[in-house]
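Worksheet for the structure shown next.
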Amino acid sequence: MSVPRVGVLALQGDTREHLAALRECGAEPMTVRRRDELDAVDALVIPGGESTTMSHLLLDLDLLGPLRARLADGLPAYGSCAGMILLASEILDAGAAGRQALPLRAMNMTVRRNAFGSQVDSFEGDIEFAGLDDPVRAVFIRAPWVERVGDGVQVLARAAGHIVAVRQGAVLATAFHPEMTGDRRIHQLFVDIVTSAA
């Protein structure tokens with residue numbers, strides 16, 4: 001694969017920022033809102049947003065089943081914040097009955113929604129990230145954390161003693177928003193994963 005076509009799930013969140021970051025890292029980015037667009041990509045970014053709303057938009061657009069199937073077939077994916085929540089196999093504090101975040105089950109992990117607190121508890125800080133020489137500036141907004149990782153999941157970063165970045169095969173997830181800082185190393189890591197998986 002010379003230039004990977006990487007979709008950004010364009011339901012909520014920093015779609016434009018992810019598209020720009022992917023372009024800067026040598027990918028061919030495109031938005032994904034429909035089944036034919038999902039079928040056309042080599043990989044997918046699931047941005048932040050509100051995980052319960054995103055789940056139900058996926059249902060309404062008839063994308064939840066097809067996305068689960070593509071992920072089960074090995075589609076490389078990167079989820080930031082709400083994207084991390086959705087990629088999990090289990091979600092704690094998933095939301096009110098009938099309006100819960102629905103796991104895509106792409107990673108063998110349990111994630112707790114809004115674990116770091118509400119909007120007013122949002123913060124940023126420098127964190128060590130496995131494989132990167134210098135710390136990453138991480139922006140946490142109503143962020144989740146990973147409560148448990150299972151077999152095959154590599155922990156890449158922690159903040160305040162909690163797991164905030166993980167990888168399982170060609171699937172990457174962060175509790176923070178690298179698209180907001182101008183530091184492209186996380187997106188470059190994902191593009192490299194996509195290229196290697198081809």
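Cβ atoms are placed via backbone N, Cα and C, with glycine included.
Per Swiss-Prot, the L-glutamine site holds GLY49, GLU50, SER51, ILE141, ARG142; the candidate it also names there, chosen from ARG23, ARG112, ARG113, is ARG113.
There are 19 other Cβ atoms within 10 Å of the Cβ belonging to ARG142 (L-glutamine binding site). Within its own chain, GLU50 (L-glutamine binding site) has GLN12, ALA82 as residues 6 or more apart in sequence whose C-beta sits under 8 angstroms from its own. When the Cα atoms are compared, ARG113 (L-glutamine binding site) and HIS177 (active site, charge relay system) turn out to be 15 Å apart. Each residue contributes its Cα atom, and for SER51 (L-glutamine binding site) and CYS81 (active site, nucleophile) those atoms are 9 Å apart. Each of the recorded positions GLY49, SER51, CYS81, GLU179 was scored by the other Cβ atoms within 10 Å of its Cβ; the lowest score goes to GLY49.
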